[in-house]
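What Swiss-Prot records for this protein:
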SIGNAL    1-19  signal peptide
DOMAIN    30-345  domain 'MACPF'
DISULFID  C34-C70  disulfide bond
TRANSMEM  113-120  transmembrane segment
TRANSMEM  127-132  transmembrane segment
CARBOHYD  N185  N-linked glycosylation site
TRANSMEM  235-244  transmembrane segment
TRANSMEM  248-256  transmembrane segment
CARBOHYD  N269  N-linked glycosylation site
DISULFID  C350-C369  disulfide bond
CARBOHYD  N375  N-linked glycosylation site
DISULFID  C385-C394  disulfide bond
REGION    410-653  region 'P2'
DISULFID  C432-C446  disulfide bond
DISULFID  C436-C442  disulfide bond
DISULFID  C531-C569  disulfide bond
DISULFID  C554-C574  disulfide bond
TRANSMEM  654-674  transmembrane segment
REGION    690-714  region 'Disordered'
Amino acid sequence: MNSFMAIALIWMMIACAEADKPLRDPGMTGFQTCKDTLKLPVLEVLPGGGWDNLRNIDMGRVIDLTYTNCKTTEDGQYIIPDEVYTIPQKESNLEMNSEIRDSWVNYQSTTSFSINTELSLFSKVNGKFSTEFQRMKTLQVKDQAVTTRVQVRNRIYTVKNSPTSELSFGFTNALMDICDQLEKNQTKMATYLAELLVLNYGTHVITSVDAGAALVQEDHIRSSFLLDNQNSENTVTASAGIAFLNIVNFKVETDHTSQTLLTKSYLSNRTNSRVQSFGGIPFYPGITLETWQKGITNHLVAIDRAGLPLHFFIKPDKLPGLPGGLVKKLSKTVETAVRHYYTFNTHPGCTNVDSPNFNFQANMEDDSCDAKVTNFTFGGLYQECTELSGDALCQNLEQKNLLTGDFSCPSGYTPVHLLSQTHEEGYSRLECKKKCTLKIFCKTVCEDVFRVAKAQFRAYWCVATGQVPDNSGLLFGGLFTDKSINPMTNAQSCPAGYIPLNLFESLKVCVSLDYELGYKFSVPFGGFFSCIMGNPLVNSDTAKDIGAPSLKKCPGGFSQHLAVISDGCQVSYCVKAGIFTGGSLLPVRLPPYTKPPLMSQVATNTVIVTSSETARSWIKDPQTNQWKLGEPLELHKAMTVIHGDGNGMSGGEAAGVTLGVIIALGIVITLAIYSTRKYKKEKEYQEIEEQESLVGSFATDASPPNGEQDPCPA
């Protein structure tokens, strides 16, 4: 009987557990559950990720992806996230084309063409730091070659992102960190965090991808071969196509003799060749086009991408928990960080390889190819410094002009203010102070205290205001920093006979006064300019009138080069075009460019944001740090805490007074209770003593005298 009841009890417990079990276990949600349920592969080519449009690489995920509904493509072949939809290509889209790229300026990416042509930012440098582009440019310039590209493309799906998709958790948290700094008026820290956001999530967000596969052959042939066949570019592209089809064992029905001659001539002028397979099965020598195409299924990749800039997705509807005005400020901060990334990687110069002013490092034309060089005189430079707080920093920041021995320019020259910034250095020192208890028991306590020393430096260089005597200025021998080399020496050093002068925090400018021995190492100098100050040497009118705004560019015949990025400000210098252009292409300059403050300044804790447009107020909960739309009563309470009541008492003062009154009342009540209890105890003791004395006296009076008998015996 007992065993039967035990079995029944266990059965009831199992039944209850099954009844309470949810339809979908939250721990098992995701694409793995969908794969196990539907027995289908997951589509891996998805939009919603960050994209670096300079390097053409995928970055961190911006749009969140979930697989709650186990959606599939319309043809039922792949599992897709809830936030995307696909447009299947109902017909076969096998494309084959052949093209000539006679200049790297007209570069088009194989797998990122659409997003590289997006025009909202500096589109001229889109893709210019990708591996594909840098290989093409280097081979074209070094080998004096042109590029032919033959490709077969098979597009299976177009995958698009839903407009109602939410931002990913990591991206949202990064935005909230920036917002927190903006609320506290910590602009510099917010800029630093925005630059980190660009480093991690790129410049754009992919909104659409073409999923499929592509087989591409890129050849580099001598430019002379194209010139010899100038009237028949079709002949060159046909030769490239035949060479490609021979690789994939595709039979071409043309005249065998002419085909052989074309192919031999083409191959004899080929300096470099590469075949790439994007998607499908890996390419190998002897593979047929048919075999490669059959292997595309389950090997899909992105063969084209489209998208929008990162800040386009920072909108109030994507961040409903933040005030609209704060979201706009956040979006602008991120947009500025993206623009800095583009600006610091834009290298203006002559892009015509046939010009003597050609600049191999340039990625944007600046019309300097035909300009004539004007000789300018360099009047030196100097840097002033003012201590603001802490230890002495100016001894490493001050620099006197070599020509004057002072913080000034020579006669006939005028100073040009390049930049003013604040330099910070942290230091710690032992500080001791006396701590006392009840002003009697005292001891000396010592501890290491971290402090920040600050100094402001102001950098100047000297430009001639008119005609100056020959050999009166300084010779310029390049410059370098602790992170870059001097192109004149290919090292962090100056040429022989040159002296390094300090500028900004880490820049060393090489100069010389020796016109006999130092001249062979000098280069024609065309001035400096920065993010706040232009170059007065750009034209004669500006040079005569220093008070007029100067253009931030180099004079004709000079090319622009980066000197340093000083705490988010780019400083450039100009030398004769065609110089400092050798070597390999410059790598991309990644953010952050702004230095985070060593210690945060006194922050303003914003708790109320009022919009004049919508007449609504947002209140920040001090406990959760979350924003919410404020009700009238909550708004009144918040305003009372911030501004105090009508008598001018602040929230902190009111709280202090209240606490003091409570403590005082507590002390009074405690003393009253103690006094009452003490009084009661004393009264009780007094009553007991009186009773005892009465009993004693009564007993004495009742006892008979000695020798007398009781008159009433029993």
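Glycine is no exception: its Cβ is also placed from the backbone N, Cα and C atoms.
Comparing Cα positions, C369 (disulfide bond) lies closest to N269 out of the recorded positions C70, N185, N269, C394.
The most crowded of the disulfide-bonded residues listed here (C394, C436) is C394, judged by how many other CB atoms sit within 10 Å of its own CB.
Around N375 (N-linked glycosylation site), taking its Cβ as the centre, 9 other Cβ atoms fall within 10 Å, counting all chains. Annotation note: C385 (disulfide bond) sits in a strand segment as assigned by DSSP. When the disulfide-bonded residues C350, C385, C432, C569 are ranked by how far their Cα is from the Cα of C34 (disulfide bond), C569 comes first. With respect to Cβ neighbours within 10 Å, the glycosylation sites N185, N269 differ, and N185 shows the lowest count. The average pLDDT for the region 'P2' (410-653) in the predicted structure is 80. DSSP assigns C531 (disulfide bond) to coil, not to a helix or a strand.
Each residue contributes its Cα atom, and for C70 (disulfide bond) and N185 (N-linked glycosylation site) these two points are 45 Å apart. The Cα of C569 (disulfide bond) lies closest to that of C385, out of the recorded positions N269, C350, C385, C394, C432. A C-beta separation below 8 Å, combined with a sequence spacing of at least six in one chain, links C432 (disulfide bond) to T444, V445, C446. Taking Cβ-Cβ distances under 8 Å and a sequence gap of 6 or more within the same chain, the neighbours of C554 (disulfide bond) are P348, D366, S368, G526, G527, N535, V538, Q560, S572, C574. Ranking the disulfide-bonded residues C70, C350, C369, C385, C442 by C-beta neighbours within 10 Å puts C350 at the top. Working note on the disulfide-bonded residues C446, C531, C574: by count of other C-beta atoms within 10 Å of each C-beta, C574 ranks first.
Put simply, C531 is the one of the recorded positions N269, N375, C436, C442, C531 whose Cα lies nearest to the Cα of C385 (disulfide bond). Shown are the disulfide-bonded residues C34, C569; the one with the most C-beta atoms within 10 angstroms of its own C-beta is C34.
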